[in-house]
Protein chains: 2
Amino acid sequence: SQIRHYKWEVEYMFWAPNCNENIVMGINGQFPGPTIRANAGDSVVVELTNKLHTEGVVIHWHGILQRGTPWADGTASISQCAINPGETFFYNFTVDNPGTFFYHGHLGMQRSAGLYGSLIVDPPQGKKEPFHYDGEINLLLSDWWHQSIHKQEVGLSSKPIRWIGEPQTILLNGRGQFDCSIAAKYDSNLEPCKLKGSESCAPYIFHVSPKKTYRIRIASTTALAALNFAIGNHQLLVVEADGNYVQPFYTSDIDIYSGESYSVLITTDQNPSENYWVSVGTRARHPNTPPGLTLLNYLPNSVSKLPTSPPPQTPAWDDFDRSKNFTYRITAAMGSPKPPVKFNRRIFLLNTQNVINGYVKWAINDVSLALPPTPYLGAMKYNLLHAFDQNPPPEVFPEDYDIDTPPTNEKTRIGNGVYQFKIGEVVDVILQNANMMKENLSETHPWHLHGHDFWVLGYGDGKFSAEEESSLNLKNPPLRNTVVIFPYGWTAIRFVADNPGVWAFHCHIEPHLHMGMGVVFAEGVEKVGRIPTKALACGGTAKSLINNPKNP
Amino acid sequence: SQIRHYKWEVEYMFWAPNCNENIVMGINGQFPGPTIRANAGDSVVVELTNKLHTEGVVIHWHGILQRGTPWADGTASISQCAINPGETFFYNFTVDNPGTFFYHGHLGMQRSAGLYGSLIVDPPQGKKEPFHYDGEINLLLSDWWHQSIHKQEVGLSSKPIRWIGEPQTILLNGRGQFDCSIAAKYDSNLEPCKLKGSESCAPYIFHVSPKKTYRIRIASTTALAALNFAIGNHQLLVVEADGNYVQPFYTSDIDIYSGESYSVLITTDQNPSENYWVSVGTRARHPNTPPGLTLLNYLPNSVSKLPTSPPPQTPAWDDFDRSKNFTYRITAAMGSPKPPVKFNRRIFLLNTQNVINGYVKWAINDVSLALPPTPYLGAMKYNLLHAFDQNPPPEVFPEDYDIDTPPTNEKTRIGNGVYQFKIGEVVDVILQNANMMKENLSETHPWHLHGHDFWVLGYGDGKFSAEEESSLNLKNPPLRNTVVIFPYGWTAIRFVADNPGVWAFHCHIEPHLHMGMGVVFAEGVEKVGRIPTKALACGGTAKSLINNPKNP
Ligand SMILES: [Cu+2]
Ligand SMILES: [Cu+2]
């Protein structure tokens, strides 16, 4: 195994992701940030310097388990203190599993500001993937707003709330268009884009040769949008989800929620004299964003040769049956690790939208998460009782809660307590969706767990009940790090709390997390070794350790 | 003496300082921030909580000497670590002298974002001011841009530079207008403002009674603009500058540069059936901002009764002789402390605009200041040799330097060294202006010293030379904390380095400081007592003290 060393500087820069110039958070002058590529078992060292003028920064390595290095998880207020302007932090961790991952900011809404990039892990040197392909295409998806993140943050915490609205543009590898379409020739209502191909907003073309098999790695780090990916005339063979192999299946398109990743195989067996559309549309919310587009370019055709038919149509945004059908098809590849048959503990997490003192928030079992200034990892290791609420949040919600009506907000509060697990405990979480503040409205939320993969045991409509127990899949549930809850539905997951550290579990929709939609899990913090000083140099840990040092 | 306790929360909020909504940095929901009012000798305690989402924050108490509390000076990277989001810092200091002061952010360009307010110190309880007045009006002046501070910061540090341009609006107590004028009736080219008076951008009216004397306290915290203040038909009697009494003199208008404050007395002896214009125009730079306006409202006249003639015309922006004439008239009031007759040390600071690696910077003796992540005060107290350059910057510039031609940039560099003084040393600083990058251009810069008042011994045109020595004023030089250097001119100041701490001395133009136009002074740091832990919890001090505590 090797050490992969990266030296990065984070700073704002002028950039035009969708042809409109704005300030974007870049790394070493690039947007999206540089791709990390390593083999399973390698060490990755990222020497990250904060070149922002007034903002702290952290980077989370989404899908990397951080076994033994919980302080490197890159979540501000949880695993570390934010890195101050001018300072450098060394992230140092092992990438255990091959797969398609990414990294992104995890402070305020800095992910939305453009702080993200790909992290690809190949099998250990000398080992092969369990499927063959001739070439690879890497696709990182995101969504983009013209309004600055700073304004968005203020709007979300204003009274009354100012919602961010739908994104202006879907970006494919940081590139998209606004107020024009590269597929205008099929629709007289669209304005054609005048692009030469060298612009920062020119599409990232997929160049392929005919009669070959390609692996397309697709990851979504959207702030809000639930996406659907399709290629004209080409079936997709799904082989990987969130860095775990899945039982391969064919589909015409995939749904991908924020925080998820997939690998699909395509075979370039179509008419080689044509090019084909790659289309990324939005779903699950009433859409107001045109699809992100690019071309599958069969070489040696010119990229200026547009396909004979328009881009594949994105399925109806509210065809949730179709979404469920796709999601339910995902199962673990044969030979994947199976979940423990029994759980030690099961917690139920009710997802509600609430109003607290006039502020719109999201809450889990009536608690809306507001992260404390002292990161939990250090606070727990050094037993700082005032750093966060020592009472754990509720593990259940009232049995008679009516998920079909708007919440009453009576007991909802701001909180920062922690769900603490015994090391090795087998934990089930039943995520329960419910009606929002508005009548007859419930949204889709992709929940992401740090520090673990989990088995997705099942999904269902309505409220989870004891009768569903027998429907849970213990045979071949997929291992994932992100899973969706559908409107008014439930999702059951299981994981083993065997990774000492403190771990966020949260909705991956950036504004939802910002509005409190997350919880904090912890296990075996007493087993955590040395934490770098810089991860502790803020809040209560700084105060305590400067006066009374205990850090070995 | 009393303790004046304030509990403040800093956060961005939507606000329309000039009728156009934007995000503005407010304190407790107010913009400008709350006014601090105390008597000389009082303690001021400000419990400051950072409610920003990703940015650190500090507040500098401009003009307050901070004797014994150098850690409370509120300069990020100099006196303290920036306060992290969610954290609270206690500023605790004594206000020694009566006068007109203000406070403002001192990290990045947060002052420009709206983080400022007034700080008024009355004489000690039971003592009176040395002049009589019947009422008082407090006026804090600033300038306002529509472009966000975040974009401005990126533009200034881009290659090529994107200059911020002239402000859209001059604000009087945080209020101004854009794209309309409240004095439109005198000029058919202007669009009248439709204001009811209750808007956040409606002018702050000066209500007065006839036949009285009023003290108008005027302070400027502009980011860029040099201002001129005048009231139609009323003479101004200047009595105070930067918290020091001056020999009273009459003038029709005053020039006020960023960082300065004045008190003027007016007598409301004009036709009592009329109202009069208060006009604040820009000078010293080619203007592109309409004057800030309000009314001197003679009660009980209606405020809707506009003056019979248009607002006083701001003197020509480039009439520097007029500016010098005003500035040179300021002398100390009788009985003011006199400067030591001899200096122990004299340093010469050449102000140049330069290009370093393609970036436009300002430099002092060829060094452009880039603040380090570890605050100097802690770094010096704990003798951290790697926190900043241990070599002091040059105290002179080449004798043959041609101030009339653009600089060659040959030796200009980024640096962070410190000028260190022996405690009690009498220090002279000769600030020397010069030609900028462009031919035939030299700008005005208001230099502000922290931790001290200084005597302004003199000014002159061209290069300072030994022959000027005899022209220096040792008899009644004014004591100030901010002094201007005129284009191609020099300014000589003297101060006693008797305040243990580390002190910024810099151009008060926000983008100039951001581009490196400052130096750092230090004296007697070994005499500095306990520094609050939070002021040390970053950079090298955090690292050193967490591993190896020495803080008592
Ligand atoms: Cu959500
Ligand atoms: Cu300047």
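Yeah, the Cβs are placed from backbone N, Cα and C, and that goes for glycine too.
Per Swiss-Prot, the candidate among B:HIS506, B:HIS508, B:HIS512 that belongs to the Cu cation 2 site alongside B:HIS62, B:HIS104 is B:HIS508. Residues B:CYS507, B:HIS512, B:MET517 are given by Swiss-Prot as Cu cation 4 binders; from B:HIS286, B:HIS386, B:HIS445, that same site also lists B:HIS445. Of the residues B:HIS53, B:HIS150, B:HIS450, B:HIS452, Swiss-Prot puts just one in the Cu cation 3 site with B:HIS106, B:HIS506: B:HIS450. For B:CYS193, the cysteine that Swiss-Prot lists as its disulphide partner among B:CYS81, B:CYS180 is B:CYS180. When you check Swiss-Prot, the disulphide partner of B:CYS538 from the set B:CYS19, B:CYS81 turns out to be B:CYS81. The local packing around B:HIS445 (Cu cation 4 binding site), expressed as other Cβ atoms within 10 Å of its Cβ over all shown chains, amounts to 26. Taking 8 Å as the upper bound (exclusive) on CB-CB distance to chain A, the recorded positions B:CYS180, B:HIS445, B:CYS507, B:MET517 give none. Here the candidates are the recorded positions B:HIS60, B:CYS180, B:CYS193, B:HIS512, B:MET517. The one whose C-alpha lies nearest to that of B:HIS506 (Cu cation 3 binding site) is B:MET517. The two recorded residues B:CYS193 (disulfide bond) and B:HIS62 (Cu cation 2 binding site) have their Cα atoms spaced 34 Å from each other.
Neighbouring residues of the recorded Cu cation 3 site, listed in sequence order and excluding B:HIS106, B:HIS450, B:HIS506, comprise B:HIS60, B:ASP73, B:THR75, B:ILE78, B:HIS448, B:TRP503, B:ALA504, B:PHE505, B:LEU513, B:GLY518 (Cβ within 8 Å of the Cβ centroid).
The Cu cation 2 site is set by B:HIS62, B:HIS104, B:HIS508; from the centre of their CB atoms, other residues of the chain with a CB within 8 Å are B:HIS60, B:PHE102, B:TYR103, B:HIS106, B:ARG111, B:TYR116, B:THR221, B:SER258, B:GLY259, B:HIS448. Per-residue pLDDT, averaged along the domain 'Plastocyanin-like 1' (B:1-122), amounts to 98 for this model.
Of the listed recorded positions, namely B:CYS19, B:CYS180, B:CYS193, B:CYS507, the sparsest Cβ surroundings within 10 Å are found at B:CYS180. Contact annotation for recorded positions (B:CYS19, B:ASN92, B:HIS106, B:HIS445, B:CYS507, B:HIS508) versus ligand 2: B:HIS445, B:CYS507, each with CB under 6 Å from a ligand atom.
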